[in-house]
Amino acid sequence: MMAKKDVRVRYAPSPTGFLHIGNAQSALFNYLFAKHFGGTMVLRIEDTDLKRNVASGEKSQMDNLRWLGIDWDEGPDKPNPKYAPYHQTERRDLYDKYITELMDKGLAYKDFATEDELKEMRDKQRANKEAPHYDGRWYGASEADIKAAEDKGLPYTIRLHLPKDHTYEWDDIVRGKVEFNSDNLGGDFIIQKSDGLPTYNFAVVVDDHLMDITDVLRGDDHIANTPKQMAVYDALGWKHPNFGHISLIYNPKTGKKLSKRDKDTLQFISEYKREGYLREAIFNFIAFLGWSPVGEKEIFTKDELIKAYDPKRMSKSPAFFDQHKLDWINSQYIKSMSSSEIADRVVELVEEGQTPIAKKIQEDDIPNLHDYAEHVIDIYKHSVFKLTEIMEYVDFYYNILGQDIDYSKLNDFSHEDLEKLFNALEDKIHEASENGQNKGLDYGPIVNEVGKETGMKGKKLYFPLNVIFTGDTSAPQVAQIMGLFSPSVISALINKALRGIE
Ligand code: GLU
């Protein structure tokens with residue numbers, strides 16, 4: 001691990017929705033940054049936009065981060081007394097204190113302009129082909145005007161006064177040198193809303209400073225906020241942290257930033273989970289959205305990513321969301337994990353019952369679901385991308401007697417041959433179960449013997465078995481699949497087939 005002193009980073013969601021893939025990307029890079037440099041990751045809840053907060057937003061953020069394996073060292077649930085509280089709505093005294101300080105220094109002021117006045121101002125500016133900006137009309141207002149407005153009880157906001165023609169410049173961790181001129185920031189901006197709560201650009205500075213944050217890594221949709229935040233640092237006489245603006249995720253189909261309206265892409269981490277993506281695969285996949293390691297290797301465990309992470313390798317170009325790659329990564333993890341471990345995950349999804357297939361399996365009420373799923377996984381782990389596919393096989397085989405099997409697929413085979421084959425199979429199984437081998441029957445040797453006895457092999461032997469036991473003309477390991485059924489179910493399937501081919 002590279003030594004970097006006392007790194008403290010934060011992930012600061014607004015609980016206005018569930019954990020989105022873009023949120024997860026910010027959280028993940030902060031996590032990798034903290035862990036790589038042996039630092040501390042803070043979780044702070046930016047809940048000052050009361051109208052936009054949703055009740056379960058915070059819980060969803062926390063639950064899904066934990067599910068992904070992104071854990072924080074400090075946060076609402078793990079307060080460090082030196083820095084608590086971690087909800088912005090509980091830190092109002094702090095913001096008020098610094099707002100007062102700025103007002104006293106003449107760096108911030110009350111603005112009593114009404115919404116209508118502000119709109120008219122902007123409309124005029126647009127008509128004059130100027131970029132809309134606050135024109136500073138209440139900056140330097142006389143004591144008398146302020147008092148008159150206050151006496152009328154007019155609502156007001158508090159704005160920070162910006163210096164003229166000042167360059168805000170920083171060495172961005174991702175983008176290198178970035179600069180903005182204070183004249184292009186839309187004028188003096190609001191730091192306290194009329195409801196008395198601070199704005200994001202103000203609260204974030206007070207918190208990042210008081211929480212000793214050393215590096216701010218966030219989505220590059222915030223890049224234009226950074227000069228405003230630097231103005232707040234300057235006004236308060238504080239040193240700003242390092243900033244890094246992570247490339248946003250783009251939809252390759254639209255060529256635009258991934259939007260919540262893009263129906264072709266799953267948006268929330270909970271949806272990925274429900275659809276049967278493994279947390280390890282999602283973690284691995286997101287780490288490559290905006291970053292890449294040296295070399296060609298693409299499958300990295302969390303620990304490998306922590307080790308390999310290098311902020312210098314964060315990319316400035318858009319991170320394109322590649323569904324095929326995600327599916328491929330997920331399939332690699334499914335292949336490499338033990339069937340029992342994957343069965344645990346399947347059981348977890350079934351218990352949560354959040355998809356139609358999970359609900360269906362709940363209704364199936366399979367006596368030992370874990371072992372049943374494990375058996376199915378042994379058969380299919382090399383050919384599936386997602387756990388939901390495994391769940392579909394589980395449900396299909398558990399209900400095999402009710403499945404519609406298309407026996408016309410066997411039309412190329414003679415009746416006589418099929419009957420001979422099916423009857424021989426039935427006899428062999430009967431024999432084996434007579435010998436007390438009822439449970440855990442190994443169908444491999446049985447199928448081999450049937451082959452020898454009937455003189456059928458290859459396609460002639462396996463194609464019909466595939467059709468009657470899986471409904472499909474090709475299947476991996478039909479003998480293993482037969483192991484999912486009891487001898488009586490097998491016998492029923494054989495009889496169904498004998499009727500079906502008539
Ligand atoms: N609450 C902000 C957001 O969710 C945090 C931005 C930041 O990290 O500064 O976008």
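Glycine is no exception: its Cβ is also placed from the backbone N, Cα and C atoms.
Going by TrEMBL, these are the annotated features:
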type	residues	note
DOMAIN	7-328	domain 'Glutamyl/glutaminyl-tRNA synthetase class Ib catalytic'
MOTIF	13-23	motif ''HIGH' region'
MOTIF	257-261	motif ''KMSKS' region'
BINDING	Lys260	ATP binding site
DOMAIN	370-488	domain 'Aminoacyl-tRNA synthetase class I anticodon-binding'
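If one looks beyond the motif ''HIGH' region' (13-23) by at least 6 residues along the same chain, the residues whose Cβ comes under 8 Å of a Cβ in the stretch are 43, 45-47, 49, 52-54, 56-58, 60-61, 64-65, 200, 219, 248-249, 258, 260, 266-270, 272, 286, 321. Summarised by DSSP class, the composition of the domain 'Aminoacyl-tRNA synthetase class I anticodon-binding' (370-488) is 81 helix, 0 strand, 38 coil.
Here the motif ''HIGH' region' (13-23) is broken down by DSSP into helix, strand and coil counts: 3 helix, 1 strand, 7 coil. If you take every residue in the domain 'Aminoacyl-tRNA synthetase class I anticodon-binding' (370-488) and average the pLDDT, you get 93.
Under DSSP, the residues of the motif ''KMSKS' region' (257-261) split into helix, strand and coil as follows: 0 helix, 1 strand, 4 coil.
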